[in-house]
Every structure is written in structure tokens, then in C-alpha cells.
Amino acid sequence: MGSGESTTRRVSFGLDEDDRVRILRGVKLSEDVLQRMRNTNADPRPPANNKENQGHQTRTPSTSDAQAPKTQAKTTFPDSKEELKKRYEQQQAIIQEELARIARKEREAARQDISRAVQRERAQTRQESERAKQLGKQLDKKEAELKALEAFYQEQITQLEKKNEERFRMSAEQFHAAATRSEANIKARNVEPVCLNLQAQILNCYRENREQTLQCSDLAKEYMQCINAAKKNLLVNHG
């Protein structure tokens, strides 16, 4: 019971020594059905009269009386067979009714299971759809943020490039202006050595007096005075 689909059942039953159904293979019968089947097993024929039985017992059996039970047995045997068939058909009807009830119950349970499964599937589908929509919105938002950030950095890079170009242009202009001013201030000058005589005398003195260099100290002082005088003269003329 409760399966997703209904299948055809093959049902068999067994009879006891009184030809009553006791075992129904494949389906468990309820107590109500078993009670109904027990009621069908009850003998509907009324019991024989006790007086008549007593009269038969006091009578001396004769040849005709001896043959009576056989005749009576022959007449009642078809009735018993017919009664057995009727009882069997009643039991079969009860079984079929029970099977139909079980089948209806199984179909209803299967329908409920399928309905619940469909509802769960729909709910899950809705949840997945909502989750997909939410993820899509988050992705769109993130993509918009990345685009805005990319545009911001691109603008910053463009501004930095413009500033660097402007600085380079200004530096180049300043350099060229300074170079032009420097070229205008520079004049051709003839440089002549100063104090050449004293320089030659000092060199000769040091060669001659390598072990007594103090003898050249007066020439060295005179050479330094000559150099200082030349510096002062240069500053005065080009100051």
C-alpha cells in the first residue's frame, strides 16, 4: 500500500476440512471480513424434529426403512453440493469486495503520495527558481560594481597620464629655457697659465734638493702668493 502505481494481484485461498476459506494468499483479510465469511459458513437449514427422530428410533427397521437413508442421502447430496457452491460464491464475493476496498485504499494512498511528491517537487522547483533569480540579481549587481570600478580606475589613469605629460612638457620647456640662458651667458675665453716661472723654479728646486725640501719653502710661499693674486684678478674682471 502507498506505492506509486497499482499492480494486479493474484490471489489464492485454501479450504479447511469443512470447505471453509481459511487462507487467502497475497492479502491479509480484516477481522470484519473474516466474521462475514464465518457467517456464510453457518448452516441455514433448520434441525430435524426430535420427536420424528425418536419415532424413527423406536420403529423396527424394515427393508424399506433401510433403503430410506440411501434415498434420502441421494436427495440431500445435491443440496449439500449446491449449498457448498453457494457458500463458496458468497465467500468469493466477500473476497472480491475486500480486494476492491483494498485497491481503492491503495489508489487513494498512491494518489496522496503522488500529490505530496508533486507538491514537494513544485516547492523545490520554486525555491530553485527563486534562488537562481537571486543569484542572477547578485551577479548583475556585482558586474555593475566591477564596471563602475573599472571606469573609475580608467579615469584615474587617464588623469595621471595627462598630469605626467603636462609635467614633462613644463620640465622640457624649463630645461630648454635654462639651456638658452646658459648659452647666452657663456663667452669664449682665452685661458693662459699663471705663475709659470715660479712653477718651473719650484720643480727644479725639488729635483735638486730631494732630501732637503725645506730649502724650497720660500719659492713655495711665493708661488702661493702668485696664485692667490691671479684668482683675485679673475674675480674682479668677471665678477
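Along the chain as shown, residues are numbered 1 onward.
Glycine residues also receive a Cβ, built from the backbone N, Cα and C atoms like all the rest.
The N-myristoyl glycine feature in Swiss-Prot is assigned to G2.
Among the features that Swiss-Prot reports, compositional bias 'Basic and acidic residues' is placed at 79-88.
The coiled coil annotation in Swiss-Prot covers 79-166 and rests on sequence analysis.
Residues 215-216, 219-220, 222-223, 226-227, 230 of the same chain sit 6 or more residues outside the motif 'Cx9C motif 1' (195-205) yet have a Cβ under 8 Å from a Cβ within it. Per Swiss-Prot, motif 'Cx9C motif 1' is recorded for 195-205, and the stated evidence type is sequence analysis.
In the structure as shown, the Cβ atom of C226 (disulfide bond) sits within 10 Å of 15 other Cβ atoms. Following the DSSP three-state reduction, the secondary structure of C226 (disulfide bond) is helix. Feature annotation from Swiss-Prot assigns disulfide bond to C195-C226 (among others); the stated evidence is sequence analysis.
Marked as disulfide bond by Swiss-Prot on the basis of sequence analysis: C205-C216 (among others). Using a 10 Å radius centred on the Cβ of C205 (disulfide bond) and all shown protein chains, the other Cβ atoms total 18.
Among the features that Swiss-Prot reports, motif 'Cx9C motif 2' is placed at 216-226.
Counting same-chain residues at least six beyond the ends of the motif 'Cx9C motif 2' (216-226), those with a Cβ under 8 angstroms from any Cβ of the stretch are 194-195, 198-199, 201-202, 205-206, 209. In the shown protein chains, 17 other C-beta atoms lie within 10 A of the C-beta of C195 (disulfide bond). Summarised as a single figure, the pLDDT of the motif 'Cx9C motif 1' (195-205) averages 86. Every protein chain considered, the tally of other Cβ atoms within 10 Å of the Cβ of C216 (disulfide bond) stands at 19.
Residues in the compositional bias 'Basic and acidic residues' (79-88) partition by DSSP class (helix H, G, I; strand E, B; coil) as 10 helix, 0 strand, 0 coil.
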